[in-house]
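A.B. asks: Quick one: the structure is below, and I'll ask about it shortly.
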Ligand SMILES: [Zn+2]
């Protein structure tokens, strides 16, 4: 029999379920989960999204009955995505801050019915522009950066005025964090609204179901001129540092699972900021598909994926699994 060295033996430290639970710096909690919700402009909509298991596009009239039971289970935060299907889109994304648009209406309904619920809003123009890009364009089809960030900041302020607790720009335009922060401060929201930056948002294959849900595929070209190349660790680190310097309150990495190293980098580069990650539509759909194919158990894999994100350094996870985790935790 081999004589084992004292320093070889680790298993005694994690042989029991309770001692296993002590091995993380931090465990999962309900407040770590923010639920992404698609709000459409048909007020009575409750439309199944085929590519996103269990998720729907909601109309404002349905929100109270949909969110109420989740709040009772411990839901603490949501992030709203506008899905305008009936509005007239234009080059500057005018419907984005329309007072009667779905997002502004939804903020008001949620604030009124669920005063304790933290409401974040995705801020972008692509759902509202006729060309489907996230900014305003020059005549040659390239992004016109100055007017783009100015317009994005206006939309952010409109959501703040409607009562959002957090605005989260997902466009990846250079300088938009500084522009939004400035405009929030100038409009009296500097101390009232959180600015969560999609700092390291990669051009990923995992956004397919979201585009299906939000109807936001660009009409020409793609978003690779502003979303990061998957291999770009250095660029991601620069974007994170830039957004910290420009006044972001929360740093986000998106997608999550293929970019755990970037989450870990963010946790180290922005040590004093909360770090968020977005377990995007394709990650969610992939976990469901694998479970349906018998590759693993859905709940076990959902936990493993979320725990990997916490281990990498996140304290906030945007996830379509949020309702399930409210039951599981
Ligand atoms: Zn966009």
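Numbering starts at 1 and runs along the chain as displayed.
Cβ atoms are placed via backbone N, Cα and C, with glycine included.
Note that the structure is predicted; figures quoted are calculated from it, not measured.
In case it's useful when we look at the structure, here is the feature table from TrEMBL:
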- 201: active site, schiff-base intermediate with substrate (ACT_SITE)
- 254: active site, schiff-base intermediate with substrate (ACT_SITE)
- 124, 126, 134: Zn(2+) binding site (BINDING)
- 211, 223: 5-aminolevulinate 1 binding site (BINDING)
- 281, 320: 5-aminolevulinate 2 binding site (BINDING)
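Are these features on the surface or tucked inside, and what are their neighbours?
C.D. replies: In this view, residue 201 (active site, schiff-base intermediate with substrate) is surrounded by 25 other Cβ atoms within 10 Å of its Cβ, with every protein chain counted.
DSSP classifies residue 254 (active site, schiff-base intermediate with substrate) as strand under the three-state reduction.
According to DSSP, residue 124 (Zn(2+) binding site) sits in a coil region rather than a helix or strand.
In this structure, residue 211 (5-aminolevulinate 1 binding site) is part of a helix by DSSP. Counting every protein chain shown, the number of other Cβ atoms lying within 10 Å of the Cβ of residue 211 (5-aminolevulinate 1 binding site) is 16.
Cβ neighbours within 10 Å of residue 281 (5-aminolevulinate 2 binding site), excluding its own Cβ and spanning all shown chains: 24.
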A.B. asks: Which site among 223, 254 has the most other CB atoms no more than 10 Å from its CB, taking these as recorded positions?
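C.D. replies: By the 10 Å Cβ neighbour count, 254 comes out on top.
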A.B. asks: How big is the gap, in Å, between the Cα of residue 281 (5-aminolevulinate 2 binding site) and that of residue 254 (active site, schiff-base intermediate with substrate), rounded to a whole number?
C.D. replies: 11
A.B. asks: In whole Å, how far is residue 320 (5-aminolevulinate 2 binding site) from residue 134 (Zn(2+) binding site) when you measure between their Cα atoms?
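C.D. replies: Residue 134 (Zn(2+) binding site) to residue 320 (5-aminolevulinate 2 binding site), Cα-Cα distance: 23 Å.
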A.B. asks: Report the same-chain neighbours of residue 320 (5-aminolevulinate 2 binding site): residues 6+ apart in sequence with Cβ closer than 8 Å to its Cβ, ordered by sequence.
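C.D. replies: Within the chain, residue 320 (5-aminolevulinate 2 binding site) has Cβ neighbours under 8 Å at 35, 36, 52, 54, 55, 279, 281, 284.
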